[in-house]
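J.: Summarising the annotation, Swiss-Prot assigns compositional bias 'Low complexity' to 856-870. The feature SUMO2 cross-link is assigned by Swiss-Prot to K611. Among the features that Swiss-Prot reports, domain 'BRCT 2' is placed at 266-354. What Swiss-Prot records for 452-641 is domain 'DH', and it gives sequence analysis as the kind of evidence. Among the features that Swiss-Prot reports, N-acetylalanine is placed at A2, with the record citing similarity to another entry. The annotation phosphothreonine is assigned in Swiss-Prot to T359, T373, T444, T846. Sequence annotations record features per position, and here Swiss-Prot assigns phosphoserine to S367, S370, S376, S716, S842, S861, S865. Per Swiss-Prot, the feature region 'Disordered' maps to 389-415, 427-450, 853-874. Marked as motif 'Nuclear localization signal' by Swiss-Prot: 378-382, 401-405.
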Amino acid sequence: MADDSVLPSPSEITSLADSSVFDSKVAEMSKENLCLASTSNVDEEMPQVEARVIMVQDAGKQEELLKALKTIKIMEVPVIKIKESCPGKSEEKLIKSIINMEMKVPCVKMDSMEEFESLDSPEFENIFVVTDFQNSVFNDLYKADCRIVGPPVILNCAQRGEPLPFSCRPLYCTSMLNLVLCFTGFRKKEELVKLVTLVHHMGGVIRKECNSKVTHLVANCTQGEKFRVAVSLGTPIMKPEWIYKAWERRNEQCFCAAVDDFRNEFKVPPFQDCILSFLGFSDEEKHSMEEMTEMQGGSYLPVGDERCTHLIVEENTVKDLPFEPSKKLFVVKQEWFWGSIQMDARAGETMYLYEKANTPELKKSVSLLSLSTPNSNRKRRRLKETLAQLSRETDLSPFPPRKRPSAEHSLSIGSLLDISNTPESSIHYGETPKSCAKSSRSSTPVPPKQSARWQVAKELYQTESNYVNILATIIQLFQVPLEEEGQRGGPILAPEEIKTIFGSIPDIFDVHMKIKDDLEDLIANWDESRSIGDIFLKYAKDLVKTYPPFVNFFEMSKEMIIKCEKQKPRFHAFLKINQAKPECGRQSLVELLIRPVQRLPSVALLLNDLKKHTADENPDKSTLEKAIGSLKEVMTHINEDKRKTEAQKQIFDVVYEVDGCPANLLSSHRSLVQRVETVSLGEHPCDRGEQVTLFLFNDCLEIARKRHKVIGTFRSPHDRTRPPASLKHIHLMPLSQIKKVLDIRETEDCHNAFALLVRPPTEQANVLLSFQMTSEELPKESWLKMLCRHVANTICKADAENLMYVADPESFEVNTKDMDSTLSRASRAIKKTSKKVTRAFSFSKTPKRALRMALSSSHSSEGRSPPSSGKLAVSRLSSTSSLAGIPSPSLVSLPSFFERRSHTLSRSTTHLI
């Protein structure tokens, strides 16, 4: 912390400088006398002074402060040393520096200013700890040029193990340490003095001029030179409330006023003090922009109102203004509106002033030409191409006609024409990544007689060139700017959001750049015998590698764009600015990103057309067939991956919906088969009457109940990406644990009921789980057959029918009577409350005789169909003796199993991974 400077002085002395005296001397030094000097000799002669802390009034009564002071051993002290500058000259230099001095003297308490004279001694370097910077004692100490700090400084130094800092001004806390502030737009001197004082008390520094060293500009208006400089430098522009709110939090340890979460709340919005009006926009666009104006701190009025400060004009539709604007009114293009939102500050109007176009037709044609021709410095050639462009009737744009804004929201994969159906020539957009848009060969040798094969090959090259330029536009105008560091106003999107939106677009671009170059060489050196199929066979593996990740997640990419556009105004403005550029053809990012989805089918059609116009004796005939086959394999691979992706997405949806769902549910080999809504009929897996959802997977069954109370959250609704979990995890059961599926007969007291006979590996008894189906979409018979089939597949048995057993409800004491009655619901509520109070669980036993009969059936009826009702009595008698050596299937041991149902992982499910 050494800071050296010099000042003429009459003699060479060494002394300790009081903070205010030290600061005043430094301020009085002129630039003519100021030069640097070494401080290597500062420690040669140290003064005989002790460092001491004085606790003023309430500070001496706070035990936390006194305890913190015991851990602080060092204090920063200013030192001034005066010596001759050069031999033989009378001038002398004053050197200042900061040294660390050990605190050997214990702290002293001071209750009033009457004690100050006895404590103010030149033998001590005193630092006063004051809890209130507004009382009279503070003012008296400040007038006496004393070093003053607040309690937060002591606590922070003790926590971090740092010495007590030196400050030439009273320092209450360090929440604005290392911040350099500048002020603009304040007319009342009293308000400005108050703000400056608070900044100094929090450790901040004030600068008169706004330059690159200023970290924050505190503005009371959105005009002036300082404001424009801050905007150009990307300096955060803050409201005065930022300082006041930071001062309110002065006693919070480790609080920093510059953190984004706190600072962003007080940034000056782009349209503060602005009154906008909009001309030439559709009603939908105008309404959206008016809402955005209010969100960004501005207001709006009808066109022509004298109070308006800005008129936003849609330059593509407005040919003339309906009135003569006043000199105070800024008439700007819509790019100013979106640019201000994107940079999170009011942009300079001079760069976006609206100008009436005298010859819009010519201007449009020239702009189109500038996109489609190589850069050239020859005026004659440019003029010739311009005239040729004006004489053409076809539009050179590779994009289809602009859709209505409302159509963008209903965009789907099959809703747009492929790019290959529209272009007539190759279009270049200037510099692109890796020089992708380098000019094509200006003259392509045309055969004397253009064959049909050559025409199709040329069309294939032209569409490939246009497609590469579309990919280059996506990367150059959208992805690269979003990924750039040091964006004005901070990053527009998070890195994971950018990755989700663009995915493997750069990889797809690299592959098609190579294909385009090979096709360009083939067209430039055309020969009927040259193979086009070899080009696509050459890059078939690359296409398989790059396309599935993007196509499979296109819908997710589209959803991410829509979500971010709604939640992040800067991203919405960013898209609007780029969409208006000619490179995009006035198409949205979603419309551009659908091109890779459409490209491979389009190429396959062109290759088929090329094969039709290729002679049988041409070697390329068979090569084209292989190339078409390779493209079909890529598309098949995409479809298979998409199905897998959708299956995995379904599992993720279950994990998000079920609170406490086991992590081992996520597995690459697992897929969701069926979801069934039921009601529990027994005491297990949860209380009778509870709504239970069964998720059947190909190898396990997830059991979850409806949450009684949804988890609350303190997060903003705008930040929530998905609804809270509506279900609570009970148990994840491998299908191998299901020994029997019981189809309960339909009676007056029992409807749509079924049960599962389960044998957990950690238990020595069987468990009966009974349910009533509540969903009408899936018949009970279909559900039970589906369940039995997957259980049989899991245990590697072919006879799935033998897993099902038809039973009477009385045999297992199962009934659905009065499940929805008011009395039944009240009884269940009382029972549940009683369980919570007593912390006890009561388990009703399933009749042993019925369970013995069911278990005997599973052992003795291998390879036979379930017994009919007529033979049920005989079956019961014959099965009794066979169960003599089998432990009783009583549910006495159920508590040890189902009391663990709320655990996320259990020993019975860990092998599912």
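Even glycines carry a Cβ here, placed using N, Cα and C.
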J.: Can you tell me how many other Cβ atoms are located within 10 Å of the Cβ belonging to K611 (SUMO2 cross-link)?
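T.: 21, counting other Cβ atoms within 10 Å of K611 (SUMO2 cross-link).
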J.: Taking every residue in the domain 'DH' (452-641), what is their average pLDDT?
T.: 88
J.: Going by DSSP, give the three-state secondary structure for K611 (SUMO2 cross-link).
T.: helix
J.: Write out how many residues of the domain 'BRCT 2' (266-354) are helix, how many strand and how many coil, based on DSSP.
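T.: Summed by class, the stretch gives 28 helix, 17 strand, 44 coil.
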